[in-house]
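The next block holds one structure in the form of structure tokens; read it before the comments.
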Amino acid sequence: MIIGITGGIASGKSTVVKVIRKAGYQVIDADQVVHDLQEKGGRLYEALREAFGNQILKADGELDRTKLSEMLFSNPDNMATSSAIQNQIIKEELAAKRDHLAQSQAIFFMDIPLLMELGYQDWFDAIWLVYVDAQTQLQRLMARNRLDKGKARQRIASQLPIEEKKPYASLVIDNNGDMETLIKQVQSALLSLANPR
């Protein structure tokens, strides 16, 4: 059984993943896969450098993720170019990791922030959505990334609204409350997995 985890930006996916890992389950983290592919010499690093030139690199040749983010979020054409380049490479890498893990794990998870946007729904037997309302999401993103309201709204707008993700979810984990409530919901869902009725 493969379970997809998703949610909006700053919805609390990282906390959910920590609880799942602590319970002994394997989680493929799409953001980490992307990070690795963007390391100097990686497939995405080379593809992005080819598309945008050396202006997206730091003095030491590493990818300047902050500069790249600014370029993408401020220019829809750059975002479209980057997405077209990255999505295929990322999909291939995630598929390889999924197939490898499926050989040894009966149940595992994949944390994919843009799961619905990129059409990964068919990969999963179940999808867990980490949900927060719009106001909570905005406040958490501003605090976490030290962004002003305008920049935070811009980042949120680059994803499918979280309300539109709900119909795809087999489980909605509500993270509008405190940490303890969130953890209890995840533990309860994991218990149901281990002891299906």
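The backbone N, Cα and C atoms fix where each Cβ goes, and this holds for glycine too.
Taken from Swiss-Prot, the feature ATP binding site covers A10, S11, G12, K13, S14, T15. According to Swiss-Prot, the feature domain 'DPCK' maps to 2-197.
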Other residues, Cβ within 8 Å of A10, S11, G12, K13, S14, T15 Cβ centroid (ATP site): G7, V16, V130, N175
Binding-site residues (S11, S14), the one with most neighbouring Cβ atoms at 10 Å: S11
